[in-house]
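Engineer: Input: one structure, supplied below.
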Amino acid sequence: MKGIHSIFLACFLASAFACFLASAFDPSPLQDFCVAINDPNNGVFVSGKFCKDPKLAVADDFFFSGLNKPGNTSNRVGSNVTTVNVGQIPGLNTLGISLVRIDYAPNGGQNPPHTHPRGTEILVVVQGTLYVGFVTSNPENRLITKILYPGDVFVFPIGLIHFQYNVGNTAAVAFAGLSSQNAGVITIANAVFGSNPRINPDVLTKAFQLDKNLVTHLQSLF
Ligand SMILES: *[C@@H]1O[C@H](CO)[C@@H](O)[C@H](O)[C@H]1NC(C)=O
Ligand SMILES: *[C@@H]1O[C@H](CO)[C@@H](O)[C@H](O)[C@H]1NC(C)=O
């Protein structure tokens, strides 16, 4: 509504010359979806949050502590992501940025193929050796990879499937900034084989050109 008013105002002010229509970019959603409702009493505010009165803001609204501590990598994939987004730092609301620490177990710990629907990622390795990469969209699906050492920085463009894999025999550590207060994560294997409820195995059998028994086996793993 406000946008429409602004356009009319711009037309009015510019009427002596011409009516210019400015095009604006939609703000990216901060959640997977937000079904419109007419009665706000039945609404919930998701990642967008309400704002605190600025006069009441305190240092702790902009603070997080503990990113010096490694995450526990004793799990199936051998990695652990410690997230510092608007959920941990309320002052990040509307600022379009967040941070993670990622720990990788020695010899093959990995942050498995995943995508951030709302953010580009810039990652710096501080310890260890990582094989990283991302795949471009259809139809090229080009794989772009690099081996990273401490001090190396790599970018994963918004929405593209990417991964990091510890090819060294020591633990690895990386930090990454993301261009969203809540970039979201879709881990491909979990989403495809571990959805709740399960995707009909016939769909996955054909989509991945797999034996149906293998599909149901994969579904049982996630
Ligand atoms: C990540 O590490 C934290 C801290 O050690 C632990 O509480 C959490 O369960 C770990 N997450 C996974 C997925 O292993
Ligand atoms: C890491 O997680 C594993 C599995 O949950 C657990 O056995 C182990 O004690 C944890 N290690 C630390 C340091 O918390």
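Cβ atoms here come from the backbone N, Cα and C positions, even for glycine.
Reproduced below are the annotations present in TrEMBL:
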- ASN111, HIS116, GLU121: oxalate binding site (BINDING)
- HIS114, HIS116, GLU121, HIS162: Mn(2+) binding site (BINDING)
- CYS34-CYS51: disulfide bond (DISULFID)
- 65-216: domain 'Cupin type-1' (DOMAIN)
- 1-24: signal peptide (SIGNAL)
Engineer: For CYS34 (disulfide bond) and HIS116 (oxalate binding site), determine the Cα separation and express it in whole Å.
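Structural biologist: Here the two Cα atoms are 18 Å apart.
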Engineer: Does DSSP put GLU121 (oxalate binding site) in a helix, in a strand, or in coil?
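Structural biologist: In the DSSP reduction, GLU121 (oxalate binding site) maps to strand.
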Engineer: What's the CA-CA gap between GLU121 (oxalate binding site) and HIS162 (Mn(2+) binding site) in angstrom, rounded?
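Structural biologist: Their Cα atoms are separated by 10 Å.
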Engineer: Around HIS162 (Mn(2+) binding site), which residues of its chain at least 6 apart sit with Cβ under 8 Å of its Cβ?
Structural biologist: PRO113, HIS114, THR115, GLU121, VAL132, GLY133, PHE134, VAL135, PHE156
Engineer: List the residues in the vicinity of the Mn(2+) site, defined as same-chain residues other than HIS114, HIS116, GLU121, HIS162 with C-beta within 8 angstroms of the site's C-beta centre.
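Structural biologist: My list of surrounding residues reads THR115, GLY119, PHE134, PHE156, LEU160, ILE161, ALA183, VAL185.
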Engineer: Among the binding-site residues HIS114, HIS116, point out the residue whose Cβ has the most other Cβ atoms within 10 Å, with all shown protein chains included in the count.
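Structural biologist: Compared across HIS114, HIS116, the most Cβ atoms within 10 Å surround HIS116.
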